[in-house]
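Pulled from TrEMBL, these are the features on record:
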COMPBIAS  306-324  compositional bias 'Basic residues'
DOMAIN    27-90  domain 'DUF8040'
DOMAIN    128-288  domain 'DDE Tnp4'
REGION    306-330  region 'Disordered'
SIGNAL    1-18  signal peptide
TRANSMEM  82-102  transmembrane segment
Amino acid sequence: MATISILVGCAAWWAVNHVIKGPCHTTALKGEQWVDELLTGSHRRFRNQLRMLPSTFNSLLATLQSKYSLSSSRYVSAKEKLATFLFVIASLLLLYPVVVTLPSKDIPYEIHSNPKMYPFFEHCVGALDGTHIRATPPPGFAKPFRNRKGYVSQNVVAACSFDLRFVYVLAGWEGAASDGRVLSDALLGKGFEIPEGKMYLGDAGYSLKTNLLTPYRGVRYHLREWAAGNQRPQNARELYNLRHYQQRNCIERVFGVLKKRFKILEYPSEYPFTTQVDLVYTLCALHNIVMELEYDRHFLQMADKAKKKRDQLQKRRANRHRRMSNVPTE
């Protein structure tokens with residue numbers, strides 16, 4: 001609890017010194033009266049507290065009521081429910097720069113304590129990858145957001161430490177953008193700094209760089225490939241790829257946990273796109289807070305089971321493709 005007190009105090013300091021430039025919330029009103037006052041007041045205040053304009057809020061409210069059964073309850077109106085949700089997102093967003101921070105230059109415990117990894121990966125401070133979050137882009141912009149799997153998404157690049165905490169997130173890129181392009185944007189002025197002599201682990205979709213360690217191409221890599229062959233590494237490259245995947249797997253697990261814990265990320269959203277982007281940052285920050293307080297294996301197990309099912313499906317598809325390729329032609 002002491003850690004959370006520090007985090008809340010840091011968030012309050014950040015809000016006072018970097019976000020709140022004047023007395024924005026001075027009303028004693030509560031509930032729907034507070035929402036009505038916001039709607040009829042300053043657009044700047046409304047945007048500061050709910051992250052959108054009143055006209056956008058009203059349009060969103062109408063959509064949620066007509067299409068998604070958002071309704072008033074006995075004590076809370078639909079308007080107040082939506083405003084409360086948006087206010088919570090905006091408030092938690094202030095915690096992001098406090099709880100999602102770049103790692104230190106020290107050798108991570110998960111490397112130093114593992115003789116299979118140390119000293120071979122002693123300069124690695126984490127892993128990075130991209131993931132697709134289903135999205136609803138602004139009208140007329142759907143095409144660049146359609147990814148190679150055929151659905152509309154935002155491409156999110158993230159880095160994590162080996163203890164499954166986010167250390168950097170860049171959300172909001174179009175789904176059609178490559179992971180390499182999004183990473184380049186992160187490194188060029190978007191706050192992702194890799195100390196000299198340190199590096200992250202990335203998959204074969206990225207180019208090998210002095211600060212990004214990738215696997216050998218054309219060499220078995222994923223655990224399902226080792227399981228299919230039921231073999232041990234036969235040479236140095238295979239051993240390197242196996243160890244690389246075992247350590248880099250943390251980023252795949254953290255994405256899996258994030259999506260299992262917060263199901264809202266698995267479905268298209270009717271919120272304005274800027275809110276969809278803010279939601280990614282907010283939930284990544286909330287994930288880190290939860291990991292600080294508890295190491296609940298429930299969502300880890302759910303994510304691991306889901307990945308195992310995907311691997312089995314890919315294996316069956318590969319076997320079917322191999323059998324079809326071996327069918328003799330007349």
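Each residue, glycine too, has its Cβ placed from N, Cα and C.
Keep in mind it's a predicted model, so treat the numbers as computed, not measured.
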For the domain 'DUF8040' (27-90), what is the mean per-residue pLDDT, to the nearest integer? 87
In DSSP terms, the domain 'DUF8040' (27-90) comprises 45 helix, 0 strand, 19 coil
